[in-house]
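Among the features that TrEMBL reports, domain 'STAS' is placed at 484-592. What TrEMBL lists as transmembrane segment is 54-72, 126-148, 202-221, 241-264, 309-332, 344-363, 383-405, 412-429, 449-471.
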Amino acid sequence: FKSSLCLQGFVEMDRPLQGGQSSRRCCAYSTLKSWLPILSWLPKYKVRYLQMDLLAGLTVGLTTVPQALAYAEVAGLPVQYGLYSAFMGGFIYTLLGTSKDVTLGPTAIMSLLCFSVVGGQPHRAVLLSLLCGVIQAGMALLRLGFLLDFISYPVIKGFTCAAAVTIGFFNRIENILGIRDVPHQFFLEVYYTFHKIPEARVGDVVLGLVCLALLIALMFIKSHPGSDHGSSVYSRFARKLVWAVATMRNALVVVAATLVAFSWDAFGHHVFTITGHTTQGLPPFSPPPTSDTTSNGTVVSFREIVEDFGGGLAVIPLMGLLESIAIAKAFASQNSYRIDANQELLAIGVTNIMGSFVSAYPVTGSFGRTAVNSQTGVCTPAGGIVTSAGVIVLLSLAFLMPAFYYIPKASLAAVIICAVAPMVDYRVVMKMWKIRRLDLLPFGVTFLLSFWEVQYGIISGVAVSGALLLYAMARPKMKVSDHGVLVIELSSGLSFPAVEHLSHIIHTQALQTCPPRSVVLDCHHVSIIDYTVISELTDLLRQFKLRKVKLMFSGLQPAVLKVLLAADLQGFRYTDSVEEALQTESASLFGD
């Protein structure tokens, strides 16, 4: 139960154990550290770590507030729910997380999934967070993180590309244009967006385009910081200042747009579509509602709500885990430390469970904010207490909510468009075409069906990927060569889906020829064997005996050989190699 946490160069050192009681005590402490990774790095915390964590937390926090407001819009919820969802993750992840860089909170993908399942109903979104957290924490306790391996990369890319199109363009373009009453079903949304262009509000269009231009310019400045040849204190300070401004671009643009909207509104010119009234103050700490009441007074029970969630109750927890763990692994590799995947599952699950008690909707790791956290030099997970999950968001909820009244929706739409635009990765299609064209099938199925229903797209993509995987298992490549006898080399393992294919090849190329031919089956790639294979081999050996030819096995691995010997197959013969079988006198081994 060693902790795998390794932060900024300090590593857990092994110590010799003395005595049985000491061993038990150390073992218990190691187990506790595996469940509470904070015990590994907190005793070694230093003042310089605190300085870097505060700087990173402040920088990411100023990025988080406008993004949280914008992502609540994506989820179809009042904007304060974005902030409700943004502060719990830092506190929980500081205790349970194994990555120094990851920040948990609302993301574009999870917001889109939440909207597709709950349709913008706050009470159901909060209950969904509780159920997702229970599922995720349960998977962690049962060590089921390996299930994420069955979601292939083409499926992930197909989903993210489709989500970027729906989130980053058509779902937000209506706010840029200032049009209303656009359906959220994708194909209807496309039609009505173009149909209502004549109704666009000039103020929203101008402000939205200006915000987009500023965000793109600041993104370009950050990615192209210029030459580092200047060595003066002034030039170094200027570069750091420009980098800080570019990093906090979302907050700066939203604040500037809010001031513009407030100024126009103060003079009686209502030219912008603004966010409007938001609930001020911290959310009450209370259990999430387990029932709902419709507009006509009908009470919807917990069971009916869960049934309405449908497949989303499986898709959202898995996608949340997949997104967060992929981010954690990427930054762990980049910064030379390791994470514990199952511990990450537990951290996300507990965050969603506790978040549901403060009116949060499902959250996961954020790639953009994690990148900012890492680049700013965060040293430990303690940065999350200051950052998006902590002090800044809480202060915003407590004191700044009245100011959010004047935030233009066009500015939030611009933030979302710039945040999700990099998800449309057209280059991945060309890479799949060059490497393995068959991967375009699950990618295309996921991409296209995600425009209909996101969960259907993901489930269908996983099903297609699974079908391709099973087909590869059922039709393994076999190299057949003629050395006087047929030598069949299995290029991969042999399991029950493949046994019928192997039997067909042996029958058509050896047993049904005239005269029948003997076969050497090269099994040096076979590492596992099951009962179905044993049953089919029994039948094949009987068929070979009836035709007075031989079936010889070669290159058997010890585990496979042990199983075959235990099966007590009649006529079973084996050699260490194909060459040994071929060098044996054909009259004694392969004679009529």
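Count begins at 1; order follows the chain as displayed.
For all residues, glycine too, the Cβ spot is worked out from N, Cα and C.
Because the structure is a prediction, the values reported are computed rather than measured.
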Please spell out the DSSP helix, strand and coil residue counts for the domain 'STAS' (484-592).
-> 52 helix, 16 strand, 41 coil
Beyond the flanks of the transmembrane segment (126-148) by 6 or more, those residues with Cβ under 8 Å of it = 85, 114, 117-118, 288-290, 305-306, 309, 312-313, 316-318, 320-322, 325, 341-343, 345-346, 348-356, 359-363
Quick one: find which recorded stretch in 202-221, 241-264, 309-332, 344-363, 449-471 has the most Cβ pairs under 8 Å with the transmembrane segment (412-429).
-> 202-221
For the transmembrane segment (449-471), the candidate among 54-72, 202-221, 241-264, 309-332, 344-363 having the most Cβ pairs under 8 Å is 309-332
Test the contact criterion for the transmembrane segment (54-72) and the transmembrane segment (241-264): 3 or more CB pairs under 8 Å, pairs 6 or more apart in sequence, then answer yes or no.
-> yes
Might you confirm whether the transmembrane segment (241-264) is in contact with the transmembrane segment (309-332), defined here as three or more C-beta pairs under 8 A between residues 6 or more apart in sequence?
-> no
For the transmembrane segment (241-264), sequence-distant contacts whose Cβ falls under 8 Å of one of its Cβ atoms, 6 or more beyond its ends | 59, 62-63, 65-67, 69, 203, 207, 211, 214-215, 218-219, 221-222, 225, 270-272, 274, 372, 375-376, 403-404, 406-408, 410-412, 414-415, 419
Who are the long-range neighbours of the transmembrane segment (344-363) in its own chain, taking Cβ under 8 Å and residues 6 or more past its ends?
-> 35, 75, 77, 81, 84-89, 92-93, 96-99, 102, 104-107, 110-111, 113-114, 118, 122, 125-130, 132-141, 145, 282-288, 316-317, 320-321, 324-325, 328
